[in-house]
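What follows is a structure written as C-alpha cells; I'll ask about it next.
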Amino acid sequence: DSEGGLYVCMNTFLGFGREHIERHYRKTGQCVYLHLKRHLRQKVPGASGGALPKRRNAKLFLDLEISSDLNSDDFEYEDEAKLVIFPDHYEISLPNIEELPALVTIACDALLSAKSPYRKQEPDSWEEELQASKHAKTLVQLDNGVRIPPSGWKCSRCDLRENLWLNLSDGSVLCGKWFFDGSGGNGHAVEHYRDTGYPLAVKLGTITPDGADVYSFDEEEPVLDPHIAKHLAHFGIDMLQMQVTENGLRDNDIKPRVSEWEVIQEAGVKLKPMYGPGYTGMKNLGNSCYLNAVMQAIFSIPEFQRAYVGNLPRIFDYSPLDPTQDFNTQMAKLGHGLLSGQYSKPPMKSELIEQVMKEEHKPQHNGISPRMFKAFISKGHPEFSSNRQQDAQEFFLHLINLVERNPVGSENPSDVFRFLVEERTQCCQSRKVRYTDRVDYIMQLPVAMEAATNKDELIAYELKRREAEAARRPLPELVRAKIPFSACLQAFSEPSNVEDFWSSALQAKSAGVKTSRFASFPEYLVVQIKKFTFGLDWIPKKLDVSIDMPDFLDITHLRARGLQPGEEELPDIAPPIVIPDDPKALDIDESSVMQLAEMGFPLEACRKAVYYTGNLGAEVAFNWIIAHMEEPDFAEPLVIPAFGEGASSGAAALGAVGLDNQPPEEMVAIIISMGFQRNLAIQALKATNNNLERALEWIFSHPDPEEESDPALDTMDMENNANANILAETGSEGPRIKDGPGRYELFGFISHMGTSTMSGHYVCHLRKEGRWVIYNDLRVCASERPPKDLGYIYFYHRIPS
C-alpha cells in the first residue's frame, strides 16, 4: 500500500498493507505494530544539478514500488515511523525514549536498521567475493590424453546429462548433487573426490572467456582459479580465444552485434508509451530481464490471471503467517501489480506542461520492482539466486515446476502448457520398436542451418568480414542466415541417433534411432528456437539467424499414431543391474552426519539417517530422524545387510532409500510435478529400482496399477498437503493434459540480444487488443516493427475448432 504505508507486527515482524492490518489483528490478537510511511516531497528546483537528499530507511520501499518516480533525481523523501496500538489505533511517534519501555525501543531500532529483501539484493551485495583456491597454483593434472568435446557430455557413472562437473586433475565428467527443485545429479563428482582426492572441478556449460564456475571439494566452497585457462587447455578447451578478435575488438563490441540490439528493442523509432491494466513494466534488478520477460508472458495468459489475480482474496485469506515464503501469495501479488493498472498511470497534465516549459521530456515509467518475488522464487537455486544473466527457457521450466508443486485450486494453470510426447525407438539391427510417452512443456526446434536460403550472401559476407579483420577495417554490414520455418519443423520430426542404446531384443547394446511426435497438443504451445550451441573450438556461441516464424501454425501432421501394422515391439526386459563387488562398501556423507550430530542427536542415529536417505543431505536426513526417534534401535550402530537380506526397520520407513527400494523423496516430487499421483509415483519407482526414466515408462505401460494402501504414505500425504495454502482436488491418475486440435496463433515471443545466455538482454513482445506491445523492463510501448524473425521463445495459443 504505497499510500497507507507499511504496518509491521512487533511480535512476528511481518509486514502488512493498510487493507490487511485489521484482518491480521483480528486473526492473531497481536496489538502492537510499527507503522512506516514515506512522504514524497515536491520537486526540488534545479534538482538535475543538485545533490539528492540522503535516502534513509530504504527498506521502507514496498515490493510494488513505483520504480522510476521514486528513484528520480527530482524528488526528496521524508520517512515517518510510529508505534500503533490496536484496537484503538493509539499512535506513539518515534523515537520516544521517555514513554516506551527499553525493550520496545530496542526492538524498534533493530527493525528500522535491519536489511530488507530489497537492500539485501542490491547488486553490490548479492554475491560474496570468491577467493582463489589454495590448490590452483599447485594443481597436478594427469597426462592421460583426455580431451573434452564441446558438447554431448554425460556423467561417466550414471549417464546423466545435466549439472555436470569436469574434474581438473584427471578430466572426469561427473554429476553434482540434487537441488531442492528436483534438478541436479547423484553426487558422483563428490564421490570421485573422496576416492581420488582431486580437489577442483569446473561446471560444464559455464565456461566463457571471462571465467567459469569452479568448486573446491576440499575447501567446500566455490573458488577462483587464476590458472583456469591453463587447466582447461590441458583437456583441449581454449576458453580465451573469443576474448579478443584479430582487429582488437572484443566480441561484444563488433558493430553487427549491436544492430541486433537495435532491431529487437526497436531503437531509433519513436514508440508510444502504453498505460493501464496489463501494460505495467518491471524494474531490472540487475540481470533480471529474463525473469521480467517470462513473467510478462505468463500473466498475459487468462488461466494464470484467473488462478492468481482472480483468486487473490482467497489466496491472501489462506496465506500462512509469513506470506513472504508462500509461492501463491507472491504470484498473486506480482500478478496484481502487473494487471491492476495501479502502477501504470500516464503522467499528470501539470507534469507534461512543466516538461514542455523546461524543453525536456522524461517518460514516466511507473512499473513494479519484483525484488521479493525474485528473492523467493530463486531461493536455494545456485543460478537464479545469483546476479548473473540466466536462460529464460530454464527459468520458465523452473517456474512451471514451482507452479506444479504449489496448487492453487482444482485446476493447475500450468496444465495449459503440458503435453505428451510419443517417442518411437527402433533397434536398427532387429528392426523392433518401442513406444513410450513422456511429459513436456516446450517444443524445442532445431535451427536447420543447412537450409539457409541466402547461402551465397553468407559466403560473400564471411569473405569480406575476414578481409576487414585482417586489414583492421570496419566490418561489413551483417548478413544473417535466413532459415525457413518449414525446414526447422522438418528437422524436428526427423529421426535421431540414440547414444548407448541397449536393445532388449539383442540383450546387448546396439544402434538405435528415435523419432518424436505429439501424443497430445497443449492449449498453449511454447516453442524454443535452439540458437545456443558450442563450436568445435569450445567457444559458446549463438546462431544469429532470421526464421520466418508464422503467425498461424498447424502441426496436426505431427500427431502420434502409435504402433503400426507390421511393427514388432521390443521385449519388455530391463537392462541388467550391475551389483557392486562389495555391497557393504557404501559411502556415507560424513559432513551431513556431523551437521546432525552437532544438533545433539546420537552419532549412530545420524549415520543411519544419512545412509537410509541415500546421502541426499542433512535436511532430508533430519526428517528421517524426526520420524524414527521413538524406535527402540534408534541409537544402535548401523548394520548394512547384504543384498537379498531383510532390511532393518529404519530402511523400511518412509523416505528411506536403499535396500528396500524405497524411492527418494526428490524423485517422487519430480514425477508428481508432471501431474501423476503420489502413490503411482512411488509404485513406479519401486518397480524400476528407483530409475527415474524407467519409472516414467512404467507408468505409461501400466495404465491401471493396483491401488496400495499404506498408512505411512497417507501420513506423509497429510503432512505435505498441510504445507499447501489451498488444497487441489485430486484428479484421475496420469498426467493432466488438455488435448485438442494442433492449430495455433502467435500471441507473444521473447527475444535475446547478446552472444550467450549468460550475458545480454531479454525483451518480450505480446499481442494485446489487436496490436503488438514491447515490454522492455520498465518501458512498455506500442510496437511499430515487432522482430518476429529474431525471437528465442514463442508463445502460441490454440485456435478453437
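Residue 1 is the first one shown; counting continues down the chain.
For all residues, glycine too, the Cβ spot is worked out from N, Cα and C.
Keep in mind that this is a model prediction, so the values were computed, not measured.
TrEMBL lists these features:
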type     : residues                       : note
DOMAIN   : 131-239                        : domain 'UBP-type'
BINDING  : CYS155, CYS158, CYS175, HIS188 : Zn(2+) binding site
DOMAIN   : 280-799                        : domain 'USP'
ACT_SITE : CYS289                         : active site, nucleophile
DOMAIN   : 587-628                        : domain 'UBA'
DOMAIN   : 662-702                        : domain 'UBA'
ACT_SITE : HIS761                         : active site, proton acceptor
Quick check: with CYS155, CYS158, CYS175, HIS188 left out, which same-chain residues have Cβ atoms within 8 Å of the centroid of the Zn(2+) site Cβ atoms?
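The surrounding set, listed in chain order, is LYS154, SER156, ARG157, ASP159, LEU160, LEU164, LEU174, GLY185, ASN186, GLY187, ALA189.
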Please compute the mean pLDDT of the model over the domain 'UBP-type' (131-239).
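Summing pLDDT over the domain 'UBP-type' (131-239) and dividing by its length gives 85.
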Between CYS158 (Zn(2+) binding site) and the residue listed as 'active site, nucleophile', what C-alpha distance do you get in Å?
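So the Cα of the residue listed as 'active site, nucleophile' lies 35 Å away from that of CYS158 (Zn(2+) binding site).
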Between the recorded positions CYS155, CYS175, HIS188, HIS761, which lies closest to CYS289 (active site, nucleophile), Cα to Cα?
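In terms of Cα distance, CYS289 (active site, nucleophile) lies closest to HIS761.
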Between CYS155, CYS158, CYS175, CYS289, which of the recorded positions has the fewest other CB atoms within 10 angstroms in the structure shown?
CYS158
Mind giving me a neighbour count for the residue listed as 'active site, proton acceptor'? Other Cβ atoms within 10 Å of its Cβ, every protein chain shown.
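Looking across every protein chain shown, the total is 19.
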Rank aside, I only need the closest one: which of the binding-site residues CYS155, CYS175, HIS188 has its C-alpha nearest to that of HIS761 (active site, proton acceptor)?
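Going through CYS155, CYS175, HIS188 one by one, the Cα closest to that of HIS761 (active site, proton acceptor) is CYS175.
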Taking only same-chain residues 6+ apart in sequence, whose CB is under 8 Å from that of HIS188 (Zn(2+) binding site), what do you get?
CYS155, SER156, ARG157, CYS158, LEU174, CYS175
